[in-house]
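A short write-up of the structure that comes next.
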Amino acid sequence: MKLAYWMYAGPAHIGTLRVASSFKNVHAIMHAPLGDDYFNVMRSMLERERDFTPVTASIVDRHVLARGSQEKVIDNITRKDKEQRPDLIVLTPTCTSSILQEDLQNFVARASISSDSDVILADVNHYRVNELQAADRTLEQIVRYFLNKARRQGVLNRSLTDTPSANIIGIFTLGFHNQHDCRELKRLLQDLGIGVNQIIPEGGSVEHLQDLPKAWFNIVPYREVGLMTAKYLEREFGMPYISTTPMGIVDTAEFIRQMENFINSFLSKERVDYESYINYQTQFVSQAAWFSRSIDCQNLTGKKVVVFGDATHAASITKILVREMGIHVGCAGTYCKHDAEWFNEQVQGFCDEALITEDHTEVADTIARIEPSAIFGTQMERHIGKRLEIPCGVISSPVHIQNFPLGYRPFLGYEGTNQIADLVYNSFTLGMEDHLLDIFGGHDTKEVITKSLSTETDLTWNTESQRELKKIPGFVRGKIKRNTEKFARQEGITTITVDVMYAAKEALST
Amino acid sequence: MNTSETLTFECETGNYHTFCPISCVAWLYQKIEDSFFLVIGTKTCGYFLQNALGVMIFAEPRYAMAELEEGDISAQLNDHEELKRLCLQIKKDRNPSVIVWIGTCTTEIIKMDLEGIAPKVETEIGIPIVVARANGLDYAFTQGEDTVLAAITHRCPEYKSWIDEKNGIEEKSLSVYSKQNRDDTFKSPKHPPLVLFGSVPSTVASQLDSELKRQSIRVSGWLPAQRYTELPSLGEEVYVCGVNPFLSRTATTLMRRRKCKLIGAPFPIGPDGTRAWIEKICSVFGIKPQGLEERESQIWNNLKDYLDLLRGKSVFFMGDNLLEVSLARFLIRCGMIVYEIGIPYMDKRYQAAELSLLRDTCKKMHILMPHIVEKPDNYNQIQRMRELQPDLAITGMAHANPLEARGINTKWSVESTFAQIHGFTNAKDVLELVTRPLRRNNSLEHLGWTNLLQPTMI
């Protein structure tokens, strides 16, 4: 048993449901007790989904406990088959059904006889894998199922598309900025004249999965979900895949060069050359390269930060901060324990220490020890930051509704570099502002002494103090002036000198 | 749809969306200030709590998960040792006056003997441990509170005799009551002790206390009290009355195990419910209610603006928190038409008075009796809603956005669980909730965006 208040990755069935409900016309049936369908709330609330979430439960209650599910699961599957005519029904085990050890595979076999839909049992073990691993497995399982089916039926189409094309694997519901990233990736491919063969699972149709091998190669933007599928497709069909995440200028360029290589390996003549595109985008479309040379970013040099999140985002952001902005990463960490080896390898040389943990208190303690000027993490780190008064930019799941913005906010590609630069810069300036406010003893004063910056004539600022006042950064100057004058009035001082200013600051800070 | 002169009860498949009953820790840990709730379950339970309770999770809540791992499931680890270890840690970190163990589906299935282990751990660590089985196998949402309160009932001290206490009360009352009340107080208590059960915010509790005080009825205690150490005394002479419709186990436990006398009344939700609730308590104690009618009509007058908005509108309760019958009865009295009252579980004995008030209200308002659908089937309900096109659906968050996209106004049912809805004072709050979607959509109506579905999604 483990005393736990918070978890970074959810239980396995959430991963399965996220994949299943991302496909079009796929229905998931959970073998679960009442109340376990909380996934529907999340999808409806966080994604602000307009359609009913295609997930229902075959309820496990006392009767099921006593006599087993018997016909119940099968009835629920066939009922759903009739009601909504899905292409695929995914029977999803939960922690409860894991312990009951009913032969769900048998139910699936029996239900598929009487239903028009395909029916499969998600092959995930609640106690062995988490949300992300389960999502990865389920996606691979569905792809494998339909490719095998197509092969059996002899409709598998293995001829490549005429022009270069790619599949994008791993965009799905409740993913961190997934929708925006997907749009950005499509735009990038379009710019390069590469067609998008299929995007799975989001908005994909299982009936078209048989056309997956038509693409020239696969793109796996996030390593948490999609890698298993890409490896399967490589093994079965010799399809190459790119697992470099196009996040940040350097890795986006690397990503494009890999595509160039793949495409050229297929072409005998008229080879593609994306180098000029990379240069143009880097220098002029993305503002991030210029930003990193601008004096704003100069001020960030050597500032210490802590990065924490899923493996993909934490590793990419760490590299961006260090390589592209000259920021010092005190600690980079991930909660993807199953991917620790890869993560360590990625961040090696980019940070002082790597932290692999699922325990948020360990993350909090590390942050408290390092005392960074900013944190880049999940919602949990944002709250840790609040408590420690350190600003935090959210770069990874788990997230809240505010991390499902309506506006266009990709993290990938060239527009992504702009968004990340904004995020990083805003986190720091906020921190800087706070710090300055502290130095000059000003927090929001409840009573306004004078409405305008120039006050009535009862107080005069001598030349030195006026000069001193001008040295104070504009955004806190008004507040400092008001505080000083308030102090002067209290003390019955009519002429404000530099000494009075300092005294006012001292009086306020005590 | 068939409508008839009497209430009809149906029972569907039980395929509906509701919160897991472990969610009761969210409001109970805030209510019982010196408690700590330990939910013994899996990642699934933890994930639910973490997401359902949102920001609360960051405020160092007095609840945590005892997350079961594979070793616990396969009994490679000793439950007693494990629980003792965690409880010692909780004692060290928080030092609560009581630790409530919430049993979940998993502890049920692996038959973890929480009731057996608890007394041992209790002696070993010196903190009372209360066990409540609030699991999704047996219960829905608010019934979680019912299981916790039923368990806590056993921990209430034994009530000796109200005559013995009489003098003490009189002395204490003197300092509390104002001069004008003193005459009444001197005569009190004219009635045997009354304990109210149901967790309500402390402001609501004192509002209800003072409503009863107007009728010279003194509430001798609440279950639960603000602190575990202040639980009310219970015994044969004690009268008990529920304030929430989902507390049937607690009521049964109070009657059977603590020999209390249950006052079966409608619940104090809405001015009509509150009046009926007070009247019933008065009648049991042989007291003639004073000025209740005026009080009620004054509240109705204050609600006029809301009533204008609601009159003639129809409402459909999908059902998920057992407050449905009381809310429906109130809304009918407000002039609404109720198509269907979905409800997870219907205890016709515990809710008898409420049901009969519902019946009377329908007659009084000249509307047809609504269907009460126990263990509803959400899919069927949505089909029925498609036919009926209600002006308002009271529903869980899983269905709210999809229904809104189909042009049906919705109100999240969960809010009525967390908002203050009891007594005369809060009648306005209930209507504030119910009318919010109507008011919001009135102001958007002219934009012509009612249906926001793509043709393929319908």
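Placed from the backbone N, Cα and C atoms, the Cβ positions cover glycine too.
In TrEMBL this protein carries:
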- A:12-428: domain 'Nitrogenase/oxidoreductase component 1' (DOMAIN)
- A:Asp36: [4Fe-4S] cluster binding site (BINDING)
- A:Asp296: active site, proton donor (ACT_SITE)
- A:Gly431, A:Met432: substrate binding site (BINDING)
Position of peak Cβ density within 10 Å, selected from the recorded positions A:Asp36, A:Asp296: A:Asp36
Distance, A:Asp296 (active site, proton donor) to A:Asp36 ([4Fe-4S] cluster binding site) (CA atoms, angstrom): 49
Predicted model, mean pLDDT over the domain 'Nitrogenase/oxidoreductase component 1' (A:12-428): 94
Three-state secondary structure, A:Asp296 (active site, proton donor) (per DSSP): helix
